[in-house]
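Notes follow once the structure below has been shown.
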Amino acid sequence: MRRPMVAGNWKMHGTRASVAELIEGLGKQVLPGSVDIAVMPASLFTNQVIEGLRATSIIVGAQDAAIQAEQGALTGEIASSQLADAGCKLVLVGHSERRQLIGEQDDVLNKKFAAIQASGLTPVLCIGETLEERKAGQTLEVVGRQLDSVIAEFGVSALINAVIAYEPVWAIGTGLTASPQEAQEVHAAIRAHLAKENAEVAQGVRLLYGGSVKAANAVELFSMPDIDGGLIGGASLNADEFGAICRAAGN
């Protein structure tokens, strides 16, 4: 039985004051003990969030990490070993905004994936198609290719200690979302793709859905057999909304 996970990606949002307010709100939430719950603030606020949530069950992660595990001469970057030292537990890799807006390619993302695991952290590998690719019927081809990049480099067993987040690019920050059935179809295809390599890994790895999940649609999305939780964007900036999503995952 895969343990559900809900991870909140705060993206490039927050001030010390607004983060403190959000921490306070999260501390008041009744959260299910059956769900792994994480938030990923902007790195500037990592220590504030870790300290503020210490009395809760919420773990803290990061939105990105450098291509090398150890600290060194890489201006502007944060090493995964530094994130681990700060108390982070997981790190996003390959988020669509990094792929689309920053132009990160698979070779760079593979280095980050390896560095994150080398530091004892859990990579949350983000995969997904653009609207153009979806219209062209290339969804499964695209997500398969993104998965295969990691599998070819490290073997499918590397995904045992990872989480996969399917995030259709066209549904991020747009208010659009795949129907539960559409999301399930892709999640099932991802699991089948992994099963060709290793059935045990395919059944064990958690697949999160990351396309405009809200409290209003979370219950139905999370009821799908191959959706093990959500990677939450804008809704994670509202403590009550995020709490409701976490409770939906616990049901």
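Keep in mind that glycine also has a Cβ here, set from the backbone N, Cα and C atoms.
Record features, source Swiss-Prot:
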type     : residues                                           : note
ACT_SITE : HIS95                                              : active site, electrophile
ACT_SITE : GLU167                                             : active site, proton acceptor
BINDING  : ASN9, TRP10, LYS11, GLY173, SER212, GLY233, GLY234 : substrate binding site
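TRP10 (substrate binding site) sits 15 Å from the residue listed as 'active site, proton acceptor', taking the Cα positions as reference. When the C-alpha distances from the residue listed as 'active site, proton acceptor' to the recorded positions ASN9, HIS95, GLY233 are tabulated, the minimum falls on HIS95. Separation of the C-alpha atoms of ASN9 (substrate binding site) and HIS95 (active site, electrophile): 10 Å, rounded to the nearest whole number. HIS95 (active site, electrophile) and GLY234 (substrate binding site) have their C-alpha atoms 15 Å apart, to the nearest angstrom. Of the listed binding-site residues ASN9, TRP10, LYS11, SER212, the Cβ environment within 10 Å is emptiest of other Cβ atoms at LYS11. In sequence order, ILE172, ILE232, ALA235, SER236, LEU237 are the residues of the same chain, not among ASN9, TRP10, LYS11, GLY173, SER212, GLY233, GLY234, whose CB sits within 8 A of the CB centroid for the substrate site. In the structure as shown, the Cβ atom of GLY234 (substrate binding site) sits within 10 Å of 18 other Cβ atoms.
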